[in-house]
Every structure is written in C-alpha cells, then in structure tokens.
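What TrEMBL says about this protein:
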type	residues	note
DOMAIN	B:26-148	domain 'Alcohol dehydrogenase-like N-terminal'
DOMAIN	B:198-268	domain 'Alcohol dehydrogenase-like C-terminal'
Amino acid sequence: MPSPPHAPLRADPLTRGLGLFSAALGVPQVLRPAEVARALGVGDAPRHRTATVVVGVRELVAAAGLLGRPHPAWLWARVGGDAMDLTLMGRALRHHDGRGLQRTVLSTAALAVVTAVDVHAALTRSNRKETRRPMELTSTTTVTRPPEEVYAFWRQLDRLPTFMAHLDEVRDTGGGRSRWKASAPFGKSVEWDAETTADVPGERIAWRSLDGADVPNNGEVLFLPAPGGRGTEVHVALNYRIPGGAVGKAVARWFGEEPSQQLDDDLRRFKQVMETGEVVRSDGAPRGKQAREEFPQHPAHPLTDDERAEALA
Amino acid sequence: MKANCWISPNTVEVTEVPDPSILNSRDAIVRITSTAICGSDLHLLDGYVPTMQKGDIMGHEFMGEVVEVGPGVDRDKLRVGDRVVVPFPIGCGACAACLADLWSCCENTNPNAGLAEKMFGHPTAGIYGYSHLTGGFAGGQAEYARVVLADVNPLKIESDLTDEQVLFLSDILPTGFMGADMCDIHDGDVVAVWGAGPVGQFAMDSARVLGAAHVIAIDDVPYRLEMAASQGYTTIDYSDTDVRSRLLELTGGRGPDKCIDAVGMEATHGAAHVQLYDRAKQAVRAETDRPHALRQAITSCRSGGIVSVIGVYGGFIDKFPAGAWMNRSITLRTGQCHVQRYMRPLLERIERGEIDPTRIITHRLPLSEAPHGYDVFKHKQDHCEKVVLTP
C-alpha cells in the first residue's frame with residue numbers, strides 16, 4: 001500500500017505557520033546576508049555571510065517543502081536545521097568579541113524557543129496514524145501435507161517454539177487459554193496469557209493476548225488446500241502493539257530484528273519440521289532457529305565439542 | 001581431521017579441523033575415500049561467490065564409506081559400512097521441488113534461505129562446501145564429512161566399480177548429462193558445447209549417447225580441444241576463429257540445433273575489447289558475471305533451438321541478447337543439476353560401458369596437495385583437466 005498522503009498537514013496551522021516562518025527568515029538571509037549577520041550580532045566577515053546564505057537557502061527549501069508538499073520529514077528537517085543553528089550560535093557565543101553580545105544571546109534564546117516548537121510539531125505530526133496502528137505482519141508458505149495434518153501440528157501450541165525464533169515456551173493452561181514466553185530485543189523476555197478466539201479444525205486458528213500483556217498481540221492462521229493437490233497453504237497474520245510505537249519499531253530494526261523476515265523464517269522452519277521432521281542445521285548455522293542472528297556465521301567446518309554442546313542446547 | 005579450507009580469495013589451505021558429528025537425527029558421517037576439485041570451486045577460489053568465510057571446507061564432489069548414522073536415518077535405506085556417492089545439492093525428498101524431481105531447488109535444506117531468497121527471488125537447496133549463501137555446509141575435500149538427510153540423498157554403490165568410475169556421479173557427470181537432457185535431442189541434431197572442461201566433456205558424451213548426429217566443442221585451451229577431438233567431436237578454437245561464422249559453416253548456415261553453455265560466469269572472449277568491457281564492469285560490480293558464452297550461444301543457435309545453461313551464474317549480467325532470444329523463438333533451459341534424478345540411470349550407463357567417466361582424469365593427488373591441485377587446474381598447467389584427491 002502506498003504511504004498515505006499527508007493531506008491533513010496542508011491544512012495544519014502549525015505546519016503552515018512554520019513554513020511561512022522559514023520563508024520569512026530565508027528571504028533576507030539570502031538577499032541581505034551581511035545585514036542579517038550584523039543583526040544577530042555575529043559580525044559580517046565573509047565566512048559569516050556565507051554561513052548566513054547557506055542557512056537562508058536551507059530555510060527556503062524547508063519553506064517550499066512545508067508549503068508545497070507537506071510531509072513530517074520537512075518538520076524533522078527543520079529540527080535538524082535548528083540543531084545546526086544552535087551549534088553555529090554556540091560557536092559564535094564562545095568566540096564572541098563582545099560587540100553585540102546581547103543581540104547574540106537574545107537570538108540564541110529565540111532560536112531555542114523555535115527549536116522547541118519545531119520538535120513539538122515534528123513529534124505530534126509524524127505518522128499520526130501509524131503510531132496508533134499495531135504492527136501487522138503476514139507471511140505464507142505451502143506445505144506438502146493435507147490441511148488436517150498441518151492444522152493438527154499447529155494446534156499443539158507447545159510445539160510452536162521449535163520453529164518460531166522468538167518463542168521460548170508456550171503452555172496450554174486449559175479452557176482455551178495459554179501462557180506464552182518470548183524473548184524481546186536487548187535480551188529481555190516477555191510473558192503473556194492468551195486465549196483462543198477461533199478454532200475450526202483443519203481450517204483456522206486465531207488467538208489474542210489477554211489484558212495486561214506487555215506486548216498486546218493477536219494472530220490468525222488459515223489452512224487452505226493448495227490448488228492441484230499440492231498440500232496446504234498456511235497464511236499467518238500477526239498484530240503487535242510494540243511499546244514505544246514507531247520509535248520502538250525503528251530501534252528494534254536498528255538492532256537487527258526485522259519482524260517480517262523473522263516471520264518468513266519462522267514459517268520456513270515450520271515447513272522444514274512438517275516435511276523433514278526437524279529444523280535443518282549446517283556447520284555455518286548450527287543453532288537451527290537462531291540462524292539469522294549469526295552473521296558472520298560459524299565457518300563451514302565441524303564444531304568443536306563445546307560449540308556443539310552449546311548449539312544443540 | 002585434515003580438510004582443505006578456503007582462507008581468502010586465491011588461497012586454500014589444508015588444515016586441522018574438528019571431526020564432524022551428527023547435528024540432525026537423519027545425518028550420517030562418511031569417511032571419504034575419493035573427492036575432486038570442480039570447475040565451480042574455482043569461482044569460490046577466485047572470490048566471485050559472496051558469503052565465503054575463512055575456514056570454510058571446500059568440495060562438493062565426494063564419496064566414501066558410512067561410519068556413523070543418526071537415530072532418525074531409515075536403516076532400510078542406509079547403514080554403517082555402505083559405500084556411497086554423495087550428490088552435491090542436498091534434497092529433502094518431501095517438498096514440492098524434490099517431489100517434482102527438482103532437487104537443487106529443494107525448499108528445505110538451506111538454513112540461510114532468507115539470504116538466498118534476497119539474491120535469487122526464491123531460495124535454493126543447500127550445497128556442500130559452496131558458501132554460506134547455499135547453507136554453510138562443510139565440504140568434502142576432507143577426511144570425513146557430515147551428510148545431511150542421509151536416507152534420501154546418497155547413492156549406494158553395490159557393484160565393484162572403482163571410485164574413479166563412480167565419483168563423478170556426485171556432480172559433473174549428471175551436470176553434463178542434464179545439459180544434454182535439457183536439449184531434448186532428436187535424431188540428426190547438431191549440438192554445440194561451449195567449454196571443454198570436465199562438465200563440457202561429459203555434456204558432449206551425453207549428447208552423443210542421447211542421439212546427436214554431430215557434436216561441436218568450443219574452447220581456447222588446445223589440450224582440452226584435443227581431448228574432445230580424440231572422442232571424435234569437431235572443435236573450434238575461439239582464440240583464432242570467429243565462432244558464429246564457423247558454426248554456420250559447419251551447419252549449412254542453419255546454426256546448431258542445440259547449444260550448451262558449460263562455461264558460466266567467468267567466461268573469456270576472443271576479442272580483447274569485449275573481454276575488457278565485461279572484466280571492467282565485473283571489477284566495479286556493475287555486473288557480477290561475464291556472459292560471453294551465453295551471449296554467443298543465443299546468437300548462434302538456430303531459430304527455434306534450445307540453449308541449455310549448466311555453467312554457473314551467480315548474479316547479474318549485462319547485454320543479454322534478448323532480441324535474438326525472443327524474436328527467434330529460442331528456448332532457454334537452466335538449472336543447477338538435479339543430481340538425484342540422474343544418478344541411478346547414469347550408474348547403469350557406466351555399468352553398461354556407455355560412458356567412461358575416468359577419461360577426463362589427468363591428476364591424482366593426495367588431499368594434502370589440494371592447494372597445488374587448485375593451482376594447476378586454475379592456470380590450466382600441465383594439461384590439467386580433472387584433479388582427484390585421496391585423503
């Protein structure tokens with residue numbers, strides 16, 4: 001799905017206001033850099049004038065973006081520009097010769113206020129929908145076994161951790177309820193209770209976490225007969241509400257947790273278990289379901305006894 | 001145990017590594033009696049295949065005796081003491097690809113399938129000793145090897161054929177045969193084979209066995225062309241002959257009916273400027289493979305003919321002659337060999353004396369001299385065609 005247009009930003013007074021503000025600063029900075037630099041109390045040496053023109057051009061670009069094609073990225077660009085300006089003003093303050101010092105201090109204070117407004121605007125206008133929307137993951141595979149058999153394997157929840165990388169343990173606690181334990185980024189682990197919300201033998205299983213889960217989630221697996229008698233299409237859809245919203249997701253990705261790839265790999269291992277009996281190990285990826293965490297891998301030669309014990313643990 | 005390991009581009013070394021052990025319940029451990037260096041090992045040696053790591057054991061052509069089997073191995077299929085040839089692609093025998101006899105496209109045996117999928121669109125089978133992209137499995141240029149899913153892959157040798165007669169069932173004989181098989185050869189067909197290395201030689205033998213009227217070998221290495229000529233094949237030396245004109249001459253202007261590319265990604269070209277163009281693009285990673293043989297096969301093939309590709313490609317090519325291919329109704333058929341499909345029928349052909357795989361062996365070395373074997377094979381010194389190693 002293409003990213004949603006940010007039509008609301010076009011009518012957003014704060015976004016428009018910041019766009020006009022950028023334009024109002026940029027025009028004199030580009031046309032009259034010497035006067036602007038003097039007004040800021042930073043002197044009008046050629047390097048000061050050059051810096052002022054550069055900042056002015058940046059302001060005009062931001063203005064064009066905010067007024068012409070509004071997008072949260074332009075608000076974040078303004079925040080970046082503010083950081084740059086604060087650095088420049090900080091340097092001007094440190095190396096100040098005393099003339100017009102008061103004007104420089106006042107300009108810096110004004111800049112700090114503008115920065116605060118920009119940060120507020122960027123935070124509140126970014127991905128307003130996405131932060132509230134749970135992370136949706138889908139993946140699918142085809143297994144050369146009849147739907148009844150594939151369903152029956154998945155239905156035994158305690159087997160899920162044999163192929164799902166993040167799951168440490170799933171226990172059936174009776175009455176359609178289960179206790180889940182999973183590893184989370186930064187070596188943490190999360191636990192939650194879940195209830196089965198749909199269970200149609202040979203066709204469909206769905207569940208959702210109960211109140212109080214650290215990472216509220218729900219999921220569904222469909223088992224559809226593949227055309228031409230080729231077995232079963234397994235369609236998985238998971239929804240997670242990651243703490244920290246978009247920022248939490250970005251941080252998780254930065255640390256190598258690509259959720260959609262994880263789910264694809266989980267299903268690949270599910271297929272291996274269904275079709276060959278277990279997760280296939282190699283010398284390079286001896287730990288089965290943790291294969292993705294291991295690049296660069298163990299060299300493709302046999303493990304020592306210690307390495308083997310650890311890999312099979 | 002001792003094993004021949006990849007150290008860095010252009011360097012392999014025989015070093016001491018731990019003995020293999022059972023990691024999956026359907027594994028077996030094989031004591032290797034014979035192994036070989038493959039032309040595709042040179043792509044690894046030269047550094048053209050990504051994801052090689054220091055210490056990776058090389059080799060995907062090996063055979064030996066089963067010395068241990070995991071608890072999950074079907075004893076009716078494999079037992080300790082069996083003499084086996086191990087196919088280089090690892091199949092599972094249970095996924096849609098294996099069930100369709102497309103073993104090298106097995107959907108279950110590559111633990112690094114996510115990586116392979118990014119490279120190829122869909123993952124391919126695990127391969128012994130052939131980078132982490134194909135799973136990170138230790139290879140067979142060693143004293144022992146772990147064989148995966150051992151009750152569906154290895155071929156038991158129950159007759160008294162020698163190692164040298166059956167070793168090449170692991171890769172190059174079925175690969176050459178598949179090159180000819182994909183050509184769908186009819187009586188009277190003229191088959192041109194680019195590359196007179198080991199796989200090319202076996203593709204020529206297979207084309208003849210399958211009924212080709214005339215087989216043409218194209219290469220620039222005199223002793224390899226002589227080897228082909230000694231079997232009765234017509235030869236073209238591309239270093240001093242315009243290949244397309246000569247092929248037209250030899251076929252009454254029609255072009256070969258079927259063309260086999262047994263060269264792959266590191267082809268060289270008779271014209272220096274064309275060679276330089278692709279070498280330069282490859283060096284700056286603007287293309288990963290040098291496809292001279294493939295281009296020439298497509299433009300030379302008769303209209304409506306088949307171009308069968310068994311030479312290995314890994315990435316992307318430039319200047320693919322799509323116009324010739326499309327407008328002249330040329331069929332392109334490809335694949336890493338589905339070895340398990342061909343092993344048994346080829347064993348029977350060897351037993352009947354229809355094919356003599358030993359004819360290409362020029363060097364027999366102990367495993368400890370593997371680096372020297374790579375050297376003479378790569379630089380085509382000492383008339384090297386095929387190196388067999390014994391641990």
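Including glycine, each Cβ sits where the backbone N, Cα and C put it.
Unlike curated records, TrEMBL annotations are generated automatically.
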If you average per-residue pLDDT over the domain 'Alcohol dehydrogenase-like N-terminal' (B:26-148), what number do you get? 96
Is it possible to list how many residues within the domain 'Alcohol dehydrogenase-like N-terminal' (B:26-148) are helical, extended or coil according to DSSP? 22 helix, 36 strand, 65 coil
Please list the DSSP helix, strand and coil residue counts for the domain 'Alcohol dehydrogenase-like C-terminal' (B:198-268). 28 helix, 15 strand, 28 coil
